[in-house]
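Colleague: Got these off TrEMBL a minute ago, pasting:
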REGION    1-41  region 'Disordered'
COMPBIAS  27-37  compositional bias 'Basic and acidic residues'
DOMAIN    52-394  domain 'Kinesin motor'
BINDING   Gly138, Gln139, Thr140, Gly141, Thr142, Gly143, Lys144, Thr145  ATP binding site
COILED    410-558  coiled coil
Amino acid sequence: MSLTPDQFRKGAMGGLVPSPSPFLTPRPERRRADSRGPDWFFNRQDRDKEVNVQVLLRCRPLSEDEQKMNVSRVISCNELKREVTVLQNVANKQVDRVFTFDKVFGPKAQQRTIYDQAIAPIVNEVLDGFNCTVFAYGQTGTGKTYTMEGGMRNKGGDLPAEAGVIPRAVRQIFDTLEAQNADYSMKVTFLELYNEEITDLLAPEESSRYAEDRQRKPISLMEDGKGCVIVRGLEEEAVYSANEIYTLLERGAAKRRTADTLLNKRSSRSHSVFSITVHIKESAVGDEELIKCGKLNLVDLAGSENISRSGAREGRAREAGEINKSLLTLGRVISALVEHSAHIPYRDSKLTRLLRDSLGGKTKTCIIATISPSAHSLEETLSTLDYAYRAKNIKNRPEANQKMSKAVLLKDLYLEIERMKEDVRAARDKNGIYIPHERFVQEEAEKKARMEKIEQLENDLNLSEKQSNKYHELYLTEQEQRLDLESVLKDCKVNLEKTRKELLDLQENHRAAILTLKEKEFIISKLLCSESSLIERAKELRSDLQHASEDINSLFAKLDDKDKMEAENRSIVLTFGSRLDQRLKDLHKTILGSVSQQHQQLRCMEEHAHSFLASKCDVRE
Ligand SMILES: Nc1ncnc2c1ncn2[C@@H]1O[C@H](COP(=O)(O)OP(=O)(O)OP(=O)(O)O)[C@@H](O)[C@H]1O
């Protein structure tokens, strides 16, 4: 999409608009300070090196309808960590997915914040002579147009809070150039790509002659042989103030094809590319005055959509199919770039041809991926996140546009003016001839060359047709194979579902088994502990037992000794008893003898006492 300074000189985008001087710098009263932000987008030291495409993610808030329906949110944004988390519940399990981007803006992010943090540095690069592209990608109704356009201007001419990237970029460019007091010129183009056809959104409609011209000369894409794409027949409007651009934008935006779908009341059905080219005079080096040229492409892609969910039918379904097809090609280009494939399928759609330099080329590119937080859009959100995440790996090799000398630019412009003047003169003077003779001859020669080319192309076409027939047959067999594969896939899906359920059961069993195993392990460890303590105890008991048996042995020996002693004692006692009996008998006899002796003696004594007493009584008497 971007053009080299050479192409600008040749008027590749429809020819330069004649102006008395290339620098018709507007001088508005109001001037603002230089608003350059931090140079995050492109480090100055890294120039001429490969840089990755910057990918920002923006999640819109839930719409009023979604809030009324109590739709649950499945997206959480961490702006500090630059992470987006998708909260998913698969088979009653929380399986969250986290994506990291260069910048993340949550539902509360304001238009101004996004612009200041992410886009302002890119616009500064444009003013430094680079070509830059910002494009919004996302599911339908996620806020691409809101992010890129938003509100254009208030009645007073100021930007409203909801002004998007385009009006803010326009304002920044004018403000910066004014603050630098620079000499500059600016041109804009605004095109729409609808069903693989390009329309000029800035072309005046009422001019019937122009409309005829346009019919004869449709806007086409051409390659310049150096890999750059030229949009032929597109009008470039010279602009001198931000308000002029806003008017053009409003005019163009009103012409964009929109439709009411189930997902968005005003859904853009086409891709739009708004480009601003700015030529800035640099301070003179020696005698030569140099002019640097930068270009900013602001692309609002049509929304990727699920046709059944967006409610697209008949014509709309075809339209959605075309949108999805071009976005699919964009996806294939991104994949091929990321995988460093030898062939990048840029030529498969006009969208990818237009964005060619922005993807893997010399342009600095920033993608704003937009998503919805709603659970209903989960599938599309995941697809956008995957798409954007892959795009982070695309590497571009930005190069500043070569500076032109003012003299060369002026010469080119004057040549162009002269050519146009000649056309006008020939049309006015000559009857029936509308171009000068020289050009007629030249164009005849060109026509002849073109006829030869056409012949050659026809031959090529025949060849291609044969090939295409072959491919068609191949396609048909592949379709059949696809159908077979689809039925196999269906079976596989059913099996997968069954296996998934079995897996879940197995997982459940596995978890229970692990729990039992743990319990058993615990019991075994406890058993081992008690076993070792039992062994200890048994050892102690054995030694006690040994001691006890020794004690019993000695006890038995003692008992034997005791028995022996008792037997001895018993015989001693017996002999003692018999001796004692004998002695006692003897004693008894002796006592009995002495008792009878005593009795005799006592009788004798009594007889003596009686005789004594009788003698005494006799005496006394
Ligand atoms: N960040 C946001 N804050 C507030 N409202 C928003 C935001 N993003 C989108 N909207 C609103 O959501 C609706 C859809 O937005 P928009 O038309 O920009 O979506 P889109 O992605 O361009 O859709 P399509 O691809 O269908 O054109 C609009 O009413 C818009 O105002």
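Cβ from N, Cα, C; glycine included.
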Colleague: If you count other Cβ atoms within 10 Å of each one's Cβ, which of the binding-site residues Gly138, Gly141, Gly143 has the most?
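Modeller: Compared across Gly138, Gly141, Gly143, the most Cβ atoms within 10 Å surround Gly138.
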Colleague: Using DSSP reduced to three states, classify Gln139 (ATP binding site) as helix, strand or coil.
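Modeller: DSSP assigns Gln139 (ATP binding site) to strand.
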Colleague: Could you give the mean pLDDT over the domain 'Kinesin motor' (52-394), rounded to a whole number?
Modeller: 82
Colleague: Looking at the binding-site residues Thr140, Thr142, which sits with the largest number of other Cβ atoms within 10 Å of its Cβ?
Modeller: Thr142
Colleague: Neighbour count first, Cβ atoms within 10 Å, every protein chain included; then name which of Gln139, Lys144, Thr145 tops the list of binding-site residues.
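Modeller: It comes out as Lys144.
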